[in-house]
C-alpha cells in the first residue's frame, strides 16, 4: 500500500486509498485542443518561411552568386601572389646565401693552395686524441671513429649547455662566452693568419704596423658583431671568422677523422633540428616564443630585421614611423621579465634616421638565416678536398658545386615546409658523394697528359 501525506494533514489523521488519491497533486494533462493549436501554429510559421524564401527576387540570388565569385577570385589572387612571392624571394635568398658561402670557400681554398702552414700536419686538436699515423687500415679507421665520437660528444654537450643558458636567460654569460670567442678569432687567429701570409709572400712588416692592423681589424669586428654597424660589414666579418675557424680545423683534424666527422655532424644536425626535443629546435622555438633574435655571433642573416633588435630612438625625432618605433620599443621593455632582458634590449642597434615604410620593413624582414656552423663545415669539406695529397681542382670544384646544389635544395624545402630545417645533411651528403666519386673516377693522370 502506498501512502501520500500533505503537510497540511495531521500526522494522526488516518487516510485510506480514496483520500490519498484525492489529496495527491497530479500534473495537468494536455488536452486535444492544445495539441491542435500548437500544430497549427507550427504549420503557419513554416508556411511563412516558405513564402519568404520563395519571394526572394532573382536580383538577390544574382548578388549572392556574384559575391561568391568575387571571394573565389580574391582567394585565387592571394594564392597566386603568395606563389610569386615565394618564387621571387626564394631565388633572391638562394643568391644571398650562395655569395657568402662561395666567398668563404674561396678564401679557404686560396689559403690552402698558397699558404703551406695550413697543410702541414704538426699537431692535433685535443678533441681528436687518437693518431692516424698507423700502417693498419683497420686501426686507422677505428681511431677516426673514436675521434669522431669524442668530437660529436663535445659539440652535443656545448650545444645543450648553450640552450640551457638561453632557456634560463643567462644572457650575460652567453655574451661573455661569445665575446671571448670572437676576441680570440679576430685578434689571435688573425695575427697567426696574417703572419703566415706575409711569410709566404715574403713581405716584410714591422711589429707596430702589424699590431695596428690587427687592432683596427679586431676592434671594428667586435663592435659590429656585438653592437651595431652596417649589415654588409657584419656579413664580411662573419665570413672571415668562419674561414679562420675552417683553417684551424683543416690543419689540426686528421684526414680520415675529418671525413667521418662530416658525415656524423650531418646526422646530428638532422636530429638536433627536426626532433621535438632537439637542442637546436628548442633554441629556435624559445627565441620565437620570446620574440628575440638569436645572437648575431652564431647566425649569418641575409637581411636586417628592423622590428627586432633595435634600441630606443631619439625622442626629438618626429614622424609616424618614429612614434610607432617608440611604442614597439616600449612594449618590449614592459614585456621583459628580468634584468638580463633589459641588457639585451640596451645592446641593440639604433633606429634608422629616415622614416621606414611598411613595405620597406616587410622587404627587410624577408631574410634567411644560416648558422655559422653550416658555413664552417661546408668549407671544411671543400678545404679538405683541396688539402689532400690526391686532391686536384676537379675534386675541389666538384665538392663546391655539390654543396651549392644541396643548399639550393635545402632552400627549396624551406620554402615548401616553411619551418626551420637542417642545412648540413643534403649539402654534406652531396659533397661527400661528389668528392669520392670524382677523386676515384675523374682523376687526371699527368703522364697521360704529357704523352
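The backbone N, Cα and C atoms fix where each Cβ goes, glycine too.
If you check Swiss-Prot, you'll see residue 92 and residue 225 are listed on the same side of the membrane. The range from 67-87, 256-276, 277-297 that Swiss-Prot describes as transmembrane segment is residues 256-276. Swiss-Prot tags one of the stretches 94-114, 115-135, 304-324 as transmembrane segment, and that stretch is 94-114. Assigned with DSSP, the residues of the topological domain 'Lumenal' (194-202) fall into helix, strand and coil as follows: 7 helix, 0 strand, 2 coil. Cα of residue 374 (active site) to Cα of residue 269 (active site): a span of 10 Å.
Secondary structure of the topological domain 'Cytoplasmic' (224-229) per DSSP, as helix, strand and coil residue counts: 3 helix, 0 strand, 3 coil. 94-114 is the stretch from 94-114, 145-165, 173-193, 256-276 with the greatest number of Cβ pairs below 8 Å to the transmembrane segment (367-387). Simply put, out of 94-114, 173-193, 203-223, 230-250, 256-276, 256-276 has the most Cβ pairs sitting under 8 Å from the transmembrane segment (145-165).
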